[in-house]
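I have placed the structure first, in the form of structure tokens, so that the comments after it can refer back to it.
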């Protein structure tokens, strides 16, 4: 790049190649340190009066300069590189029309405007090279010749296009041969290379013609190679003639020396040409080695293996060398089925035998058999007999189908026979692994798929339905058949539509002996899980494993809900396809309750409730390998103090035990007394109870489990409380009621889950005169009724006890009957 300047405008020169990038310099350094450029404008002299590019840092664009380019001239090819040194306008993908003079105008905030010019020259590289032989013809395939040794040849290279005119030179590898060229016209330059008296050293040499008019891009080039015709001096098989093993690959080499061009080499076995040979030429192009990968067979023994080399363009140039082959081979084995058997008509139950025909040198010392790649052994108990070169299969089954081979072994190796496929025909049998129990609801469509295995696979199906009332043959138009599959669909509407379906298949060999059986049952909700156990309990996790119950005839899922056992608050839930769960992120030493249940499309099973307490953090320290427990070092003084404390503790425990035994004896006496009074009271009113059908009888004959529980519960747990009320409430007017317990946060959450539980009887002692109720039974389980009932708490008056005068009169009449009643809410 050159530059010139005068008092007003400096001028620089820039050069670029067509299609490449040009950099047009423009100095935007301000004359003063406290000044800065605000606007840079680019113009192209001649065709463009208006700016073609601007770089604007005025006003709001001071920190984010704005770039603009003339779309019609520059498009997206230009960018002003203000942060590079020197600053310049970069033009990409230079065109021939881009050459010319460009002016850069720089406006500063304080200093005067600066102008500079750049003369851009666009170089057009040469477009094409043509290499011609001495006849003026284009050289085909870039190979010149072939020429005979001692001949002379000239090669002409013509370069077309380019501005300025290119230089045309000849190279031989890295050697410059000729750098003189001649101008034919404004766009054509040529260089002629003369080669005199060609010798062996000229063979396959590469001559390269290059044309270039710049140092920016690589020159264009065209290369040709020189080919000479020479006879081979000799052809020879390398190594020794030794015995070859049939079936194994051997590499045999043959060299040809002195042939030019590279000789045409071929291998022959007798009169048969051989392929799979590769050739290598020495660095001096004087020796060619052909390597044959030869796999002989036993039939090759005694034949001649020969190597030939020739120069195709020179008559009578062929030369040959050969060996007589001596072949040892592994056994050649052919497997065939017994001649009296029809391979396409083998049925189950028939006997099949195979013959293994062997040709071997030396003779075999072992014959083995394979079925589908698995080794077979002689076993007469299962009907498999191996004898010399024969295999007998007695009473074949469908499992006998497959590919059979025999293998013969000698010192050369193992020879395997052709594979022979045994196709055993058999009547249909049920395909294993099918769903046998199908659950379906009334009015629901069920489609039952019957699949069988058979050979041949063209099957005719028949179906029967057996219920508790009758057995019905199903018409063919009610089911579909597709090869070895049949699909039957029906909709059970009554209980009699449930039962057992039988499916038979039939092919040309006969009908299926044992049908495929499918039991259709009413679909219902699944049974609860059972035999749940908690394993791997740690301070913050555990594993639960349960056994799944009956799935109701449908696919089921298992749900686990985790609650805080103390606050009854819901913590988390999880779902699984099997009743195995792992729970983590628990608190140490915390009481938890787990509810597990199964669901299917028909409902939810009864829940299984488990309670557990995680290990405390201190217990984890006892078993931790990383944090071994601190061991207390005993001293004589500490040992004495520990002994004294242990003795005092033992004495205290003995005193407490004696006191508990005495209290237990007193309670048993009080319990016996109260039980006798209760029996006496019940006997006084037995006659009136038996005569009134609305009164629950007290004898054990008509008492269900809940009433027995109630009787035992109130007699055993609360004798002192009943005695305290005796003074104010007559025994004959006691009323017992079954109550639902009050709802809580825990029970409200449970009521939102698909859980089921059995409500235990809730009994309360009712004071009918004071309209107060005292609950005597702790809360056990929630139910769906809970949301609709008003809970009754201890000491709380009943809302229904605000009686009218008529109600009070009826109540007094009822008290005169002296009847003990039980009411279930």
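In case you wondered, yes, glycine gets a Cβ from its N, Cα and C as well.
The stretch that TrEMBL tags with region 'Disordered', taken from the ranges 628-666, 667-705, 706-744, 745-783, is 667-705. The highest tally of CB pairs under 8 A with the domain 'Ig-like' (232-326), across 1-121, 126-225, 432-503, 528-618, is held by 126-225. Sorting each residue of the domain 'Fibronectin type-III' (528-618) by its DSSP state yields 2 helix, 49 strand, 40 coil. Per-residue pLDDT, averaged along the domain 'Ig-like' (232-326), amounts to 90 for this model. Under DSSP, residues within the domain 'Ig-like' (232-326) fall into helix, strand and coil as 3 helix, 51 strand, 41 coil.
Counting residues of the domain 'Ig-like' (331-423) by DSSP class, helix then strand then coil, yields 9 helix, 52 strand, 32 coil.
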